[in-house]
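Trainee: Below are the structure tokens for one structure; questions will follow.
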């Protein structure tokens, strides 16, 4: 039997549903004068809604697919090989922004199909190109420092694929750091450690690009306009003289060519690389930072990039690239680290190179200006602190290029009351003074550090005594007056002669820097060779 109350309820529900449908129909209509259009307009509205939804889903799906593709392209090197003791982050500007240092390495490895672009045997790769990009704290200025691959530098301990750490190596070619361990994809962490030890700058990111990646990126932007100083036809490289647009293989040939241009040196090649990067920066800025431009470039780049973990995703990489939008071409400079020939190799010139690193650590542009922060001023003199263990054994090493510095420092420490100070002539080159200590010696290390403002303290199980390694920063602020004296310490440094003070020029930049400087907006046909 049917409930008598059910029928009115059902009728009420149907009536409410009909009213709701009519209300929806009215809301769908264009206006009161077009009632006959309601059904068609409702169909159009429904179709448009479905189409919009489909577009959103398709776009989201494509974006997700493209993101996954870029993410899958990237190779990330392990942070396990990055040194445990590192330079501090650079000084902040009034807004709290800090500088960013990016090490750009061009690998000459022929593995993974790169032999098709450059020939040669597939084997261990070297860092064919090394550029340290310093983005100032204001993110409106930047300088790219080329480090000659044949530079003789000290290579700090590096992690090998076997899991073993190497011993420090003195006077080695810079690009050999990348090949330590003989891995097909190189040892980016070792190159990063070497640059940090050389410059005293904290390397925030390291990026390695191979031949294929470079060629693909230049094609993705539609080529780059460059100037070839003379016709080149040697070693499989063929380039016409004059202004021209290069991409892919021809772009790679332009930045790799040595023979037939100038003296055929790596120095001349670096000048052309700087001119090329300036032209590439101009091309990207002209095209803009929209997705139409960046996505093909990102796809090409990530297919052959190896990056550190902090850049290990497309979003992180894109975020960093977009952070450079405010760097105008007029505020981008290129410089080659001050150098001289040393036989078949290249030696960095001191103190000019030390001055360059100091300026970047202080976030000063290469014309001596700050970029919005208070000037560095003169460090306050260190003062002695009461107490402390003055009997602790101390070994003083000279990590600068200033002769006699360790002897002088040892004498000063003895004058302060330290009773057991010796000199070790084999200190590895350092930009910033460091103090290594064993377990249980931290308090003594901190006491010693009060005499050396800015010194980096590090727990080091390899040292047998408290070890003070004097860096280029100490040499730049200390007049060397050391002379041979009885009891001055042990080691060959005791026979060294005094040298003049190595100080940072006031109000000027050393010629070793200015002579190697190139503005990004310079004439593309100027300064493309050496010799």
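Backbone N, Cα and C atoms are what each Cβ position is placed from, and that goes for glycine too.
Okay, these came from TrEMBL:
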{"type": "COMPBIAS", "residues": "1-23", "note": "compositional bias 'Basic and acidic residues'"}
{"type": "COMPBIAS", "residues": "376-388", "note": "compositional bias 'Low complexity'"}
{"type": "COMPBIAS", "residues": "482-507", "note": "compositional bias 'Low complexity'"}
{"type": "COMPBIAS", "residues": "508-517", "note": "compositional bias 'Polar residues'"}
{"type": "DOMAIN", "residues": "126-285", "note": "domain 'Cell envelope-related transcriptional attenuator'"}
{"type": "DOMAIN", "residues": "391-474", "note": "domain 'LytR/CpsA/Psr regulator C-terminal'"}
{"type": "REGION", "residues": "1-45", "note": "region 'Disordered'"}
{"type": "REGION", "residues": "366-395", "note": "region 'Disordered'"}
{"type": "REGION", "residues": "482-531", "note": "region 'Disordered'"}
{"type": "TRANSMEM", "residues": "48-67", "note": "transmembrane segment"}
Trainee: Near the compositional bias 'Polar residues' (508-517), which same-chain residues lie under 8 Å Cβ to Cβ, leaving out any that are not at least 6 residues past its ends?
Mentor: 333-339, 349, 351-353, 355-356, 359, 366-368
Trainee: Can you work out the mean pLDDT of the predicted model over the domain 'Cell envelope-related transcriptional attenuator' (126-285)?
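Mentor: Averaged over the domain 'Cell envelope-related transcriptional attenuator' (126-285), the predicted model reaches a pLDDT of 90.
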Trainee: Please list, for the domain 'LytR/CpsA/Psr regulator C-terminal' (391-474), how many residues fall into helix, strand and coil according to DSSP.
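Mentor: Per DSSP, the residues of the domain 'LytR/CpsA/Psr regulator C-terminal' (391-474) fall into 22 helix, 22 strand, 40 coil.
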